[in-house]
Amino acid sequence: MRLRLAGAVLLSAAAYYVYLPLPSGVSEPWKLMLLDALFRSFMKASDVAHAMGVCHRVHVLNRVVSWVEVIEARSSPAVNVTDSALGGVPTRVFHPIGGEKLKRGVIYFHGGGWALGSGRMRSYDHLCRKMAEDLDAVIMSVDYRLAPEAVFPDQYHDAIAASRAFLSTEVLEHYSINPERVCVSGDSAGGNLAAAVAQKLSSDDTLKVKFKVQALIYPVLQALDFHTPSYQQNQAVPILYRPVMARFWLQYLGGNTSLEPLLLANNHSSLDESSISAETRSKLNWTALLPTERRKHFRPVLKETGSPGVVGEVPGLTDVRASPLLAEQGILGRTPKAYVMTCEFDVLRDDGLMYAKRLQDAGVTVTSDHYEDGFHGCMVFAYLPMMSSVGRRSMNNYICWLDQNL
C-alpha cells in the first residue's frame, strides 16, 4: 500500500512538472510537453552550475548535447559521410553514392542560438543524410564556432569563410557539384547565418559562382523588437521562450546578460535611442509588414523613453550582419530565390514572415511555407525519439521545395 501511495505521489509530481498549458492548435502537445520538461531540466541544471561557478551554463548544455546527440561520421550504402573542413571551419560532408555525375550542393548551418549544437548531432545527421539521398546532393553541415568563447562576428566570419570555400572551383570540382545548382540553408540561428551569407555573397561581384537558392528554416533575424505579435503570443510556448531568445542574442553579441530585462521591455529600442533611425525602424515595422491574420489584436510596444546607450554598448544589435532583416532593399534584391519556413507557435514566426515580405518587395521570388500547428525547432524532431508529425511534414516539404527549385 505504501509503495502504491509513494508511486502515485511520484507520478503526480512528475505529471505536474511535465504538464504545461499549450495553445490548442499546437501539434502533438504531450510530446512537446515531454520535450520541454527535458529541456527545462537541463536548463535549470546549467543555471545552477553557472551560479555556483562550476562552469558556464552553455558548457553544461553542450556537454549534454555531445553525450546524447553527437555521433561519429558513419557511411551507409547510399551516402558516404566524412568529417572535413571548409575554409578552415569543421564540416561534415554527406556525399550520395551513385546517381548523377554532377550533384546539387547545399551548405547547411545548424541552429542552437549561436551557442549550442553541432552539425554532428544525430538530428542533423539524419536530416542531411535524407537530403543527400532524396536530392542526390552533396550536403555540407558546418560546425561554426560557438558562444561564449566566440562572439559576433566570429560565427558570421566562419559562415562566410565556409561558404566562400564551398563555392570555390576547387571544392566544387572535388565533390562533383554543379556550380549552377548550389544552395545556402540553415535553421534558427543557422537560418540567420544563411540569410547573412546570402546577402554578403550575392553582392560580391568577384565571385564566379553564386547561390541559386536560399532556404531559411524558422530564422532569427532581428533583436530590436521583442514584442512582435509572435513574441507576445508565444512568449511562454516551448521550446524557445522569449527570455531565452534574448539571452541567446546577448551571448552572441558579447553583451552583458544583465541587459536581458531591457531587451525584453524594448527599452533598448526606445524612441530616444538616436542611433536607430526611422529608416531602420521601418524595416521591422510589423504593423506594415505582417498580414492582418498574424497581427491579430496585438499592439506595438514602442517606448518614448527607455535606456539609450544600450545599442552603443552592444553595437551588434543594429549590425545587418547580425540582423539580416535590417538590410537595405538593394541588398535584398540581389539575393537568390528564397524559401522561408515559419511556425505559428514560435516567437520567431514574425522575423521570418517580415523577411519574406521584404524580400518580395525587393523583387525576390519567395516561397513562404507556414505551419499552423508548428513550433520552434520542429523540423529537427522528425525522427525518434520524438517523431514529430509536423516535423516530418515540414522536413518533407522543405526537401521537396529544394528538389523542385535547386
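From the backbone N, Cα and C atoms, a Cβ is placed for every residue, glycine too.
Take the CB of Ser188 (active site) and look out to 10 A: across all protein chains shown you find 29 other CB atoms. The active site annotation in TrEMBL covers Ser188 (among others).
Within 10 Å of the C-beta of Asp346 (active site) there are 27 other C-beta atoms, taking all protein chains into account. TrEMBL lists Asp346 (among others) with the feature active site.
Counting every protein chain shown, 25 other Cβ atoms lie within 10 Å of the Cβ of His376 (active site). Feature annotation from TrEMBL assigns active site to His376 (among others).
Under the heading domain 'Alpha/beta hydrolase fold-3', TrEMBL lists 106-264 (among others).
TrEMBL lists 317-379 (among others) with the feature domain 'Alpha/beta hydrolase fold-3'. Each residue in the domain 'Alpha/beta hydrolase fold-3' (317-379) has a pLDDT score, and their mean in this model is 98.
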Helix, strand and coil counts within the domain 'Alpha/beta hydrolase fold-3' (317-379) (DSSP): 24 helix, 19 strand, 20 coil
